[in-house]
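Worksheet: one structure, shown below.
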């Protein structure tokens, strides 16, 4: 009866990093710079892949979509955070919060599957090079990418539908800088069993399946590389997947730390882990591929070379 008569929350308050005005300005400038690098890096990567014929291959088709996903996921979080640094009232409407949960979960899970598809692509290229052009056809790559987006859409819709049935009649303070599903479930005054089941099922079904593809692919890749007798052949084979392996390590490492780490009384560590996962990682991915990938550097050199 108390829940029926309670007043439903229409706006949530987001906790910032600090109340000190000078520190807020410093954080604003720092995250603004990171966001600008994220936009330029990912848009630049997409434009470079589209403009360079030598990058029209399955690996870079997946990479272009990864850059698009990173750009979208960062844009869902960072602009709102920048506005809050300059605002006294750090609030977000209920509808806006649900939209942020949906879009962030959509692109977050899409990235999981894109990274898995990129690992599968490297597996086919290294372990089955003779049938690679036949298997990784443009049509099949398109289907893999669309499947990744579909998995992300399914995850986002499932999480949002589970959240929409919850009541928020108590505290409206989210101890984070964006609307994440875990703290929202903790704030709910209604029965959260269904939402927690959806969250755990989604994490198990989608997260574990995509990470399993990555793990199995790299076990096979490493086994194939170790069987190569020449040191030069081993180096070349390993260099084709080092950038992706670095990206996978950063993405899964930060996400596992963020969602599996036991929450502490002081959530400062949790906030900075969330910053790295949601803000910094989308900036790092294009840097990793541009700095460590010879084909990307060569394509960039050709485009910028004076004619």
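All positions are counted from 1 along the displayed chain.
For all residues, glycine too, the Cβ spot is worked out from N, Cα and C.
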| task | Out of 25-48, 121-144, let me know the one TrEMBL marks transmembrane segment. | result | 25-48
| message | Before we move on, state whether the transmembrane segment (60-79) and the transmembrane segment (272-291) share at least 3 Cβ pairs under 8 Å, counting only pairs 6 or more apart in sequence. | response | yes
